[in-house]
Structure formats: structure tokens, C-alpha cells
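Structure first, commentary second.
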């Protein structure tokens, strides 16, 4: 993929396409100029043949080379194609050279490939470089070249796309029908029907001397190689099973050297830490049983309503604890070996064999998500420690903002200076804003004398870059009346945010992106999908699915990394960490994604509102990693592309088991009588079962399966209509999904690929397909991350949790109270939507590959907002008890006191042991407990009602936030107050509990010493609520002498209400059961 000549904008549905030129060009260029073939040797035009067709030198791969270079290569060079290494055939009008006489008599290209009177070159381009039928193009212009067509679906390669004996992958198919000469017979072996309207041609008969002998398929030598390979593998397995008898001296066996050892290691928690933890969980379950037995059998008759509410709440809390606790039964840690990854896939003197990665960055509104933040994320991606030709960065601008486009253009220019500086001095992190803001000794481990000078120069360059970005932001504050215009005067296509065409701009590419040192830079692509009124665009999930399709057309890397625009790469080796799992030969085949923990910058030292969420990322996620893997949390996750396509995980082959318990040599007779008869299942059922999973397999396994399929003539073929119904109408994208090792279609021109990319981001592309249902990011919830990971686990995949010593990614978190609560509200609303949908883990996914402990974790992730109702009721009970003089438990006996005390000890012991094996500090654990109560009585409660209104009544209610203040100094956002309705329930709880405490103490003082005993239990209950809400109280008060007016008003209003209630209770009068005495007025003295 090359750097495009400008911004490509268009709409597939409206048959529109325009190429807006970059700086230095005066007018939009036609697509014909963009799609012109250039010789990759001399740079001149390839030219045309005498018949007016495009000159094609190599019939196998259509490598662009002009006639002059072709003749010179045949006459003076090695006579082979520079790309596929196939020997050049003599074309009509060219002189013979040595070796031409060894070819077949028919060496005229036109006569050899002339099918039914059609042009040979046109047919060749249809196979190698086309994009689609004329009727499926974005628009049809008779002046455009006729060599742009959709490619035919790819033939499955018997070698799984790998090189065998230096034979390119495109040579491994057994003479497909579209390569056959006229009049050839034989059976059609193409896997899919032709997408072209012309009738399919017949395959030519195989010439064993040419087809089989040249490539080895079916020959004696090839079968001998296969048998030799099987024998070596069997011998290796036998020696491995003999517990160390193998000494590795046999030269025919692969050596277990450093490069062949596992790329990662699972490290279980030490038994001295995990065994007491599991024991206390069992003890706590037993104590809970006795506790509830006592609570149910000892009701409080004079406060039956309070007792019943409390028991119901406690039962729900116990169920919630079980759902949260048991998925943490098998926690593990993992360790990666980056040196082994390099030894295996980056051998000296050879090209890197690491898999390509497409990286997605999503943004919407540049005024809420500053372009400088997005620019730092993109710069950290471009400077990542990974082969540059394996990295492609796609930035999704879902707001079609020209500010984002211009900022990305500036970023691509600054990257040419920043990336070589990062790689030269191996700095960390590679986001300039955070690198220069570090308060550390930046000279540590630096030995080059020029570092200080270059660092100062680079810091000055970055400050100038920031000034340019800030100027763009300042200019964007006021939108012109006629909308934005580009530098050449062309109106910006995205002036109408909800009605604009799709836009793609390739800023950096293989042939156009070089840094100041002349080294190649990773690809950088700007994408803004088409939006039209009347279409449901599905917010972030829809934007991510558009990126999946665009990247599949342009680069089609087998792995994807998605990042939020405010999450930069903090560890330049993060992608290598993920590849230690994805590319592991044993573990990687069943891994759908590798999730990294979220770490944040700019949080106050005390982490008042538990923004770091350490308990979830360092305890819960480690526990899930020991079962089937962590849940997907929305960012910092490396995906396997085929897993996103909705395919099932590859099935593990179980070793054959004996039919009896006798020794094999002694029971041949008795075993023969117990063999089960084979059930003959219809072929249609086998095809249906085999077609469900198309996950990649090993190269040699693909060879064996290919042989069996050809011999039995029972190969499972997926119809083109079924694929189009699943993936959409783009034949280029459909063909990319069938490539087991991914990769792009060879010889397709950049213009044709960009045109197809515009097609796949059109607003109606997903209609009547499985996008958002079974393919890609799943729709139906604002938390599309949980739903997407859940579907993958239901397909039998497993995920991996990777925690490098240096955090892989870092982002920014909302640190003030109101923004934090609104973030929690969005998460809880997504969980409610999942709970009320067909994808609820309570009833979805049975019979698949989801393990039951993993299902418990997903159930907990969807039902936790329901805890808000019993939690709110339970936090109200202390105030009610203090104001009424009643309590939720009767007077405790010695046995009952034992159960209450045992339960409290088990609760504290569970937390202490969790902190011990996870390494979480006690202050972090306590902040998590506090915010569980704060969020439960506010954001979770509103999310529950909002979800019910949205799903059941179709009413979408939004809770808006209005900023009320802030400062410019450090952590000023922590003290900024933004009023929102989410603050009402916890504010009310605080006031009524404080009023209850005052009322209870006053009542005890008035009634004497005997009333203090029952008061302590009620006061402990009330103080439990107040202590948990203490961070919320500090957030309300803000800085000293800056209490917001709205809080004062609410406090006075609610205090007045409960004061009136207090007067009605009249706690200062002494309570007496005797008769009411009145003063008679007589003087008894």
C-alpha cells in the first residue's frame, strides 16, 4: 500500500468518488491517473501492448515491469520475475534467449490464455488485480481502464499459504479453472462460483510433467517427504515421553534450543498463599449457611418490615458475593520471553517473520478529546519497537472533523523526526508529551554524547508542534458560515457531521513514508466512515467494524490492536509481549485476544474515587485468566482477526483411548469384541459441521487435510451467497476472510484498493449481514466490549491476560466525582442492556465452549447494577432504626454472637488473603470498597432505571453534566464540581444517617444508661454507611470555603424534612408505660 495522492472521499450507494489532491496539486485528479501502472524497477510507465492492453511480463503474479526492463532481464539478468521468482516466458515480438526451447511449443501469451475470444490480459487482470464487477463499482466511467474487477475468490492452498521448496504460494493450487486453456476438460475445483457474469470456464487437463513434477504434488518424492516428516514427529514424541532419555544428538530431530522453547510460561500462585485463601472461602460459605439459618428462624416481630427487608438484602449480597468470588478460584500469573520470540522469528540476515499488526485508534469529537492527546497516541504507535513493515495505524474519525484531519497531517510530519529519535536512544515512553513531562533522571543508561543535544532539539521541535496543534484548535472554535474548506479551496466533505461521504487518506505508507534518516515508517491511514440520515451507525462499535473492513482491504494483518485515543503505548515492546502468546505454536491457535490491564496517568496520590480500579485488574482478571481468560475491557487488547469474524475456535484432538483396562498385548481378543460400530452420518451433516470453523491450521496439517479432501472428494465448500450474507457484498473483503494467514491480494493497484475501501465503509454496507450480530464488535449495548468478548468465549476461544513489568498502555481517567460517576453510569447501563437482551449469560451460549466459572463471571458483570436497590435499602435502614428505636435483629444470644463474629472475621480474612496473593495494597482495596457503595447507590441505580426505560419503553434518557468550577493547578480537576442528578441519592443517604446519629444519641441521653447498649449496634450500622460515603462527602465539599450553593440548598431542604420527622417522633420525652399524670393545681404542702 502506497501513500495516496490525496483524500479519497465517496459514497458507494450514490456512485460518487473524488480524489482531493494534497498540497502542491491544483485540482482533483481522475482515477485513471491514480490507477496507472508504474514499473517497480525503472519507475517508468509499464506501457501497453500492440493490442492496447496493459503490458504484463509475468503471468503468475503480474509484477509491474515495463517491456524494456523485461527484455533486459531476459537478456542480461537471471530471467526470473523479481517478485515470484518464476522464469519469464517469451512474449510475442521478443527475441528468443537460452532456455526458451525448453518450454512448451505454445509460447504465445495471447493464444495460450485466450478464453472464448476474451482478451488474455483482461482475464489475467481479473484474477490478479481486479476489484469487482462494473455494476458493483462506486461509479462507472467508460473512460476508466477496464482492468478493474473484483477478484475471484481465492483457491485454498494445500500448503496453508507457506513456502515449500521455494515455491511461491500462488503456485500451489492444482490448475484452477480460470487458468485453463480453451477446450480443456476435467472437473471444476474452484471453491466458489465466479462473481463475473460470464459463464465459468472449464479447467484444463493436468500435464504431469509440468504441473505435478514441477511442484511436487502427488509425486513419489513428495510422498516420501511426508512420510519422513511423520516418522520424525513420532520419534520426537516418543523420546519426549521417556522423561529425559532424549539427548538431542540425532541430527534428524529438531533441537530443543532456545528458539524452540515456549514463548511464555504460566505461573500459578504459590500454594502457601492460595490454599489458605480457598480454605477461608469454604469456611465463609459454611458460616453464611448458619448465619442465614439464624436470621430466618429468628424474626423481629415488633419490626417485622425492617427485618424482612434486611434479610432479603443480605441474601442478595451473598448471591452477589458468590458470583464475584468463585471466578477467582484459580488465579495465575504469566511470564513472557521476548528473547525467544526474536530468536525464533527474527533470524539474522533474514526478513522478520513476526506477524503484521493493524492498530486502531478511535476518536469522535476533537473538542472533548483533544487532538494533542490523539497525536501522542499515534506517535507512540509509529515509534513502537516492531518491524515497520508489519505495523499499520488506522485512525477512525467518527465526527468527520477537519480539525482531526489537519492534526493528523501535522502528526505525520512530526513523526518523521520523532520516530528516529526514539529508536536511536531507546527512550520510554514514546509519547512525547509524557516523555518530556517525566520527573526522572533522563540521562540514566544513556551513553551517547549527542543525546543531550538532540534531546533539547527534539523538545524544541515538539513545543513548536504543540503550538501548531493549539493554533488549529483555536481556529476550530468558530465554524465558518459556509463550512470548512481545504487548502486548495475544495469544501471539506465532512461539513455535515450526520450526512457526509466516506473519507480515507493514507498519510504514511511503504513507498512514501520515510523519516529524516531515510528509514521507512509504519503506515498511517485516516478513516471517516460514511454517514447518512436514517441509518443506525451503532456508535463506537460501528466505527470499529468499519476499521476492521478497511484494514482487511488495505493491509489485512492477522492481528489487531485497538486503543482509545487517550491510551498511548507506554511500553514500546507491548506488541511483542502479545505476540509471545499469539504466535506460540502450542498456545496461540486457540487464543482470541490478549488483554492488557488499564493503567492511568494524572490520578491523585490517594486515588479518591478508585480510578485505578486495581482490585478488578489485579485480582478479578488474574482469576479469570486461570479459567478461560479475562473479559474484554474495551482498549489495550490484541485480537486475532479470524476470531472477530465469528469463527469457532479450533477443536483440540483428543488422544485415542482404550476400550478396556487390559494391557494392549494381552487383550487383542477381548478388545475386538467391544469395539463400537461406526455410525454412517450423511455427507451433508459432515459438511455443515466442517464449515463452521475456518480457523487457521498449521501448514503441514493443511497438506494432510488437503490430500484427504482430494482423495475422498468430500471437501467442505462455502457458497459465495452465504459469505456475502455474512460479510457483505465486497468480494475483495470476502476473499480476504478466506486467507488463512491473512495478507492482501497481490498486484492490486492502490487506487482499486482505496475504491473498495470506500465501498466497505458505506453506511448501508452492513444491511442484511451478520455484522454486529455474529461478526466484529457486537451491537446491542453501549458496553460493546463485554458483549464482544462474551461471544468469542461462547465460540470456544480463550483469552490471555498479560501484565508486563512496565505497563503496556497508559491513559487518562476522569478524576472528579461527577465525571467518574457518569463513566460508571455508562458501564452499568451497558450491563443492564445485556441483561435484558438475548445475549444475557443466564440463558445464552449453552452447548458452546463457555466454561461454567467463566459464565459466572459474565453473569456477575451483567447483574451487578441490580445490587443498587438492596444496597440503597440497606444503607437507609440505619437511619430508620435510629429514628424509630427499632432494630433488624433481636437480642443476640451467645451462639448468635458467635455466628455474627465469625462472619465478620471471614469477610476480613478473605480480603487480607486476596491482597496477599495479588499484591494489592490495603488502601487500594479500601478505596474500591468505598466506591462500590458510592457507585451502587448512585450510578448503578440510575443505570437500572434508564436501562428499563430504554429497553422496555423505548425512552432514551440522558443525564447531562454541567461544569461549575475548576482550577489551573495540579489535580484541579479533582476539585471541580459538576452538578448531576446522580449526586442526589448518596447526598440524601449521608444527611439522613447523620440526622439519625444525632437523634439516636439524643434519645440515649434522655432515656438513661440502659438505652446505650442497644444504641451501639445501630450506631455501628450508621457509621458503616457514613465511612463508605466519606470520599463522596469530600467530593461534595471540594476545597475549603468553596462548598457549592446547590449542596447547601439540598442539605437545608432534606434536613428540614427529617427535622420535622424527628419532632414527630419526639425523642426527648421519656417513654413510660404507666398512666399519664397531669398537674391538678392543688398545693399539697
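The backbone N, Cα and C atoms fix where each Cβ goes, and this holds for glycine too.
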Segment assigned the feature transmembrane segment in TrEMBL (from 244-263, 304-323, 324-343, 404-423): 304-323
Same-chain residues at least 6 beyond the ends of the transmembrane segment (933-953) whose Cβ lies under 8 Å from its Cβ atoms: 609, 821-822, 824-829, 831-833, 835-837, 864-869, 871-872, 875, 959, 981-986, 989, 1025, 1028-1029, 1031-1032
Distance, residue 785 (active site) to residue 398 (UDP-alpha-D-glucose binding site) (CA atoms, angstrom): 18
Rounded Cα separation (Å) that holds between residue 785 (active site) and residue 369 (UDP-alpha-D-glucose binding site): 20
8 Å Cβ shell about 362, 368, 369, 398, 539 centroid, UDP-alpha-D-glucose site members excluded: 363, 364, 365, 399, 540, 543, 565
Residues from the same chain, set at least six apart from the ends of the transmembrane segment (274-292), whose C-beta lies under 8 A from its own: 268, 311, 314-315, 318, 325-326, 329, 331, 899-900, 902-903, 906-907, 909-910, 913-914, 916-917
Feature contact check the transmembrane segment (304-323) with the transmembrane segment (1015-1033), CB under 8 Å, 3 or more pairs: no
Longest CA-CA distance among 362, 368, 369, 398, 539, per record bound to UDP-alpha-D-glucose, angstrom: 16
Taken over the domain 'Cellulose synthase RING-type zinc finger' (30-105), the model's mean pLDDT: 74
List of residues, in chain order, with Cβ under 8 A from that of residue 539 (UDP-alpha-D-glucose binding site) and at least 6 apart: 398, 782
Alpha-carbon distance [residue 362 (UDP-alpha-D-glucose binding site); residue 564 (Mn(2+) binding site)] in Å: 6
